[in-house]
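One structure is given here, and the rest of the page talks about it.
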Amino acid sequence: MLSAAEGILLSIATVEAGLGVLGNTFIALVNCMDWAKNKKLSKIGFLLFGLATSRIFIVWILILDAYAKLFFPGKYLSKSLTEIISCIWMTVNHMTVWFATSLSIFYFLKIANFSHYIFLWLKRRTDKVFAFLLWCLLISWAISFSFTVKVMKSNPKNHGNRTSGTHWEKREFTSNYVLINIGVISLLIMTLTACFLLIISLWKHSRQMQSNVSGFRDLNTEAHVKAIKFLISFIILFILYFIGVAVEIICMFIPENKLLFIFGLTTASVYPCCHSVILILTNSQLKQAFVKVLEGLKFSENGKDLRAT
C-alpha cells in the first residue's frame, strides 16, 4: 500500500500524464490535418508532429512502468519484460530528445541574428543541418542499442533486480548507463546550447530596440520577452525531465523508497505536459486551432442549453 504522500504524488503524476497525452495528441492531430489538407508538411510541422507523437509514447511508458513497479513488482522483474521495456524506452527516448533538439536548432537558425561566419554558413544550409541531425540520431541510437544488448547479455540472472548480485554493482551500472545514453546526453548539450544562444540573440536585439521610440518597438520588445520566457521555460522543463528520469534510475538501487521513485515520475512527467501547453499557446497555428475547438465546445454547450429551455 502507498502512503498518503505517495498517493498524492502518484495522483499528480497521473494527472500530468493525462494532460500530456491530451496536449500532445492535439498537437499531432493539428499537424496531421494540415498535412492531409496541404498534401505536404513543413519542417516545423514535421518536427512538432514527431515530437508530440514520441512524447505520447514516452508518457505511456513512464506511467505504465511506474504502475507496474509499484503494484505488480513480481511480474515486472521478469527478464523478457524488462528487456522489452528497456529497448522500447531507449528508442522512444532517443526520438523524443532528437525531435526536441531539432526543433530548438531549427528555431535558432530561423530566429537568431549573429554575424559569425559559422552561423551564417549553417543558416544557409538548414537542409544539411537537418540531415546531419538525422545521422546523429541513427548513430547514437545504434551505439545505445549495442550497449543495451551487451549489458543484457552480461546479466542473464536477476535481470530485473539491481540490488543484489555482483553483476550489477553500482559503479558498473553507472558507467553502462552513461555509455547507453551518451547520444542522448550529446543531444541535450546541443539543445541547451541552441537555446542559450537564441536567448542571447533575442536579448541583444531587444536592447537595441529600446533606443527606438515607437509603439512598434514596444510590441517587438514584448514579443522578444515572451520568446525568452518560453525558451527559459523549455530549458527548465527539459532539465527537469532528465532529472526525473535519473531519479527513477537511481531508485533501482533503493526499490523500497517508493516516495523518491514517485517524485522522479512526477518530475519527469512535468515536461511532456507543460511544454505541450506552452507550444499550443505560443504557436499561432496551434493556438488558432485550440481557440476553434473551444468555440466549438462553447457553441455546442449553448445549443444544449437552448434545447433544454
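Placement of Cβ uses the backbone N, Cα and C atoms for every residue, glycine included.
A quick note: this is a predicted structure, and the numbers were derived from the prediction, not measured.
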Do Leu9 and Val291 sit on the same side of the membrane in Swiss-Prot?
no
Intrachain residues whose Cβ lies under 8 Å of the transmembrane segment (45-67), provided they are six or more past its termini:
10, 13-14, 17, 20-21, 24-25, 27-28, 31-32, 34-35, 85, 88-89, 92-93, 95-96, 99-100, 102-103, 106, 248, 261-262, 265, 268-269, 272-273, 276, 279, 283, 286
Remote residues contacting the transmembrane segment (87-109) - C-beta distance under 8 A, at least 6 residues beyond either end
43-44, 47-48, 50-51, 54-55, 57-58, 61, 65, 119, 122-123, 126, 129-130, 133, 136-137, 140-141, 144-145, 148, 180, 183-184, 187-188, 190-191, 194-195, 197-198, 234, 238, 245
